[in-house]
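Single-structure report; data block below.
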């Protein structure tokens, strides 16, 4: 009989985030009342963050296979073949709740956690990205949270030595009480040297590696599976503390130990720490696990079994060592100044047994904790469709020129240079395109291949129509990769939503996942990894549905990558794709008209594929000189961004009869790109487009120092640049 103190009360169960019926299910499973350590273990393994119990049923519907896919969802990261015996290993993951409570450490350890997911697979990290969402800029907390998160990301990534090469930042009042910090890491590995989490072989040593265990982060995973109330600030002790220099040592030691042939299975200690890593290794390998916590290296005295099992101290790994390799593995880790301790063994019992001070603190069935955790088909209601806005439904109170200046200096569309200048985006020396373009481009070793990387989502669209919003997030990632000349190969997703127990929120989740699946299927763009973050609510107010897509593309020859800047005066400007002037749920409507209504633009996936393949062909043929996808803000914002990047003006027109100029210039119709080419190639451009069945329209030509439009005052490029570049530094510099 396992001694059972303290006794388990309904209040204690509720504090651990378990519903009464879940607790009852657990009691029936083990046939007795659990110990406090067992309650802690099951609360960690069965919470939303670790078990995906509300989302699993829908995640299974996503397309996850493809000719390049080596490993899809279910491991620490996705693995995709890029040829020449190499694979790209990548994943995106949220650290939303910790970053709201303690922004510097929360964001920093989010970066650390996702880097570990990548190098656990045997890959050396080569790039990091992020997608950040903050509240209304006027909210008293927003500036402090933004400063802390950006400093935390930069502090960890820069110290670890990985370039942060891209990302996105957005603002909306719906994030006032729950910011989003989605971190993505990308690494390179040899295709025949990928390492997995599933334990193999009975009686093998289970080894603890890395930094010592402390009391930081206990119940971090449980906190990440709950709504916030007014006491959110008091949860600061549940936020982990990171040490990027220890993580750098851990990376080098892990890669060396892998090369030495010592590793049977490896898992990083992330959410729920030792509990989750040990259970996952055993459950995936159909083996039992027995741990002796007296062997765990601790940095604090008197730690209980409960605390050791649930600590989320950072920079730690769990490994199953090949027979007879213990001494060799230990020598490698000691060389790097890291802890190495044999803390258990694999068994054939399918039990998860935890001992401390000679007592059994937990004895549980391992499969039911891990891959057989509860699963819910939660009831949902579909988001009611919004009406389509016609040209007469929008009152254009300002000129096109004034609207452009307002958009370009708005919080969502302004330059994020203030953010990315705090990140080292050039370390390792392989960054070809730095932040500020459509996608980051990072050389693969010495080249000629390169990877293109992006993070994308338009929460406004997902709120208005989750299915179309999910499709659009994937389509925009696909366009951004295409615009730099890459062939899109795979995605990772980070699905951020409110409380799934509310049918309308679950409906948003289901709609977005269906949209993501439809787009990934149509665009041959499989989902290979990802993360779900639910309960992003404070006092009952949920975030905008935010299914962030991290896209990865492959460029065969980095010399052929494309940028968005205008290159020379006198070149022809074309828009590829059809312009209908769609203003519903647009940035123009939100920023200039102070409205958030109307159906978002529909995403025609056949047109996306056709138009994108056409543009990629133009880039490969060296036919065009610049390319930029059209997204937030529409056509004129895209042209302005190209003009500002190249410091060259443009003379443009082309508004069709009967369409308001504001609709033409600021509508957010999908599947569009702006491209430039030598003026003498304009007729050939039209011929190529007709042959491909792609609509194109000539808009004008580059040149001068201003953007000129019919019936509008000229807009000077340098003035636009000043507006674009100054909003964020001025905002962050204000008291």
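The backbone N, Cα and C atoms fix where each Cβ goes, glycine too.
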Same ATP site per Swiss-Prot - residue from 21, 136, 493 joining 52, 91, 530: 493
DSSP-derived structure type at residue 52 (ATP binding site), helix or strand or else coil: coil
Site of maximum Cβ density within 10 Å, from binding-site residues 96, 314: 314
Binding-site residues clustered about residue 268 (Mg(2+) 2 binding site) [Cα within 10 Å; pool: 96, 116, 493, 531]: 116
Among 93, 96, 312, which are recorded as binding-site residues, the nearest neighbour of residue 117 (Mg(2+) 2 binding site) by Cα: 93
Helix, strand or coil at residue 314 (substrate binding site) [DSSP, three-state]: coil
Of the recorded positions listed as 93, 94, 95, 312, 314, the one whose CA lies nearest the CA of residue 530 (ATP binding site): 93
Site diameter for substrate, Å, by largest Cα distance between 94, 95, 96, 97, 116, 240, 312, 313, 314, 533: 21
Cβ-centroid neighbourhood (8 Å) of the ATP site, 52, 91, 493, 530 excluded: 59, 73, 92, 93, 492, 494, 495, 527, 529, 531, 532
Most distant Cα pair in Å, residues 52, 91, 493, 530 binding ATP: 16
